[in-house]
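Here is the structure we will look at, set down as structure tokens.
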């Protein structure tokens with residue numbers, strides 16, 4: 001495997017709307033981000049991934065782009081953005097931008113033209129179809145509830161939108177559209193950015209004819225994902241993008257890919273194939289949902305998590321590269337999800353960080369994760385802002401599902417869990433804004449905030465800092481091979497990494513009960529040292545056998561015998 005900077009990096013995701021408000025309007029902005037760069041430098045991250053800051057009507061918080069080459073007024077100006085890039089580079093960090101090209105806003109100039117007439121030169125930049133028997137062209141559901149088609153009276157046809165009706169899908173079969181996209185990507189790269197995170201990039205190729213999905217009783221619209229995820233031309237498009245754009249720069253690329261399998265990821269990230277560096281897969285964050293999808297709650301089984309993460313670790317070894325993440329702007333907070341955000345918040349957050357960051361791949365930290373921010377439990381649906389949450393609530397209430405049932409799902413899985421503003425200190429609104437925040441701050445900001453974390457040498461923040469530092473000091477964390485141990489243990493997630501005559505042993509108690517670790521005989525470390533632990537007081541005893549306290553994590557490094 002070749003050495004590239006993105007393999008040795010740790011990435012920090014900023015959701016600009018919720019990070020830091022500078023001008024007091026209650027909305028995070030670019031000058032706010034600039035004011036916090038020294039904090040990120042202290043943490044030690046190498047790369048900042050900036051969620052969309054492009055001009056947008058904000059139907060889906062910036063993932064509906066009106067102008068790919070302009071900055072959203074609420075966030076600042078292009079001059080502010082250029083200052084941000086320069087300040088990031090001055091501090092020895094890099095910047096990757098969100099690339100949202102499965103769809104645009106319905107207010108984008110291309111779509112405004114496209115809907116004017118059937119023979120408009122921009123008509124085929126989008127996916128237009130006549131209705132079928134007085135109804136939509138097919139039975140696909142939008143990811144945000146309802147039909148994936150909207151009727152447009154001007155031309156009497158429907159346009160496809162896999163997300164909201166203000167996010168029409170772009171037609172990647174049109175070579176002119178692809179040229180425009182590549183030109184726009186090149187424009188940003190020439191400004192000096194260091195790569196892209198590509199939003200739902202495996203949705204861009206649809207199956208010819210856009211066939212109906214398998215109907216389901218009582219459901220007028222059903223997921224058409226079999227016909228647009230990982231579609232027939234996806235590899236062709238990505239290889240063309242690589243040839244026209246990506247190969248000309250020293251970049252990091254990561255493709256967000258719902259429904260991607262390991263076998264497909266081997267193709268998307270295979271070093272010989274010239275597509276992407278890595279993908280975001282969703283297998284491990286789907287393990288706590290029932291058969292009816294995201295809002296259908298079920299407890300996580302540790303054995304499932306071990307099997308899933310280990311399969312991806314082994315499956316991309318020597319072929320491609322893994323992304324490592326627990327959190328992002330669409331996922332609930334990990335300490336609330338897989339940890340204990342009450343009795344063992346600090347211990348479980350550190351354990352989950354250790355478990356992930358010692359694996360092979362590029363770790364991604366989402367803002368607030370490094371201080372153990374938790375899910376929020378708003379009482380009223382009016383307190384929520386997320387379009388996915390609000391549409392789901394409205395649809396399910398109309399079907400007679402009780403308010404309490406829906407709120408339990410929203411408290412566990414709603415995207416606003418990740419979007420409550422960053423908690424900087426104990427002052428009003430957590431130091432995020434002097435105005436009224438666009439989304440309420442989690443009421444626990446007085447106990448959980450950056451100021452408190454920086455004062456406490458045992459905070460979650462310093463544990464993340466240590467994990468990032470260890471990755472820089474020990475090549476085994478970047479390059480070592482991965483093997484799961486104690487596969488059937490119901491409470492311990494343990495694995496080893498091996499590289500260059502060294503073995504790293506990672507042992508994590510996944511629960512709030514005491515449990516005993518017995519190291520398998522085949523794992524032998526000579527001259528072992530305890531590199532990291534999330535408990536203060538030293539317990540005597542060797543790496544071969546010890547008692548694990550609630551959510552305890554230990555990392556040992558030794559030589560191979």
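Backbone N, Cα and C define each Cβ position, glycine as well.
Proximity of residue 199 (active site, nucleophile) to non-local residues of its own chain (separation of 6 or more, Cβ distance below 8 Å) is seen for 63, 98, 99, 100, 101, 102, 256, given in sequence order. Residue 199 (active site, nucleophile) falls outside any helix or strand according to DSSP and counts as coil. If you look up Swiss-Prot, you'll see 199 marked as active site, nucleophile, on the strength of similarity to another entry.
The DSSP secondary structure for residue 256 (active site, proton donor) is strand. Residues or ranges marked as active site, proton donor by Swiss-Prot on the basis of similarity to another entry: 256.
Spatially close to residue 330 (site 'Transition state stabilizer') yet at least six residues away along the chain are 415, 418, judged by Cβ distances under 8 angstroms. Sequence annotations record features per position, and here Swiss-Prot assigns site 'Transition state stabilizer' to 330.
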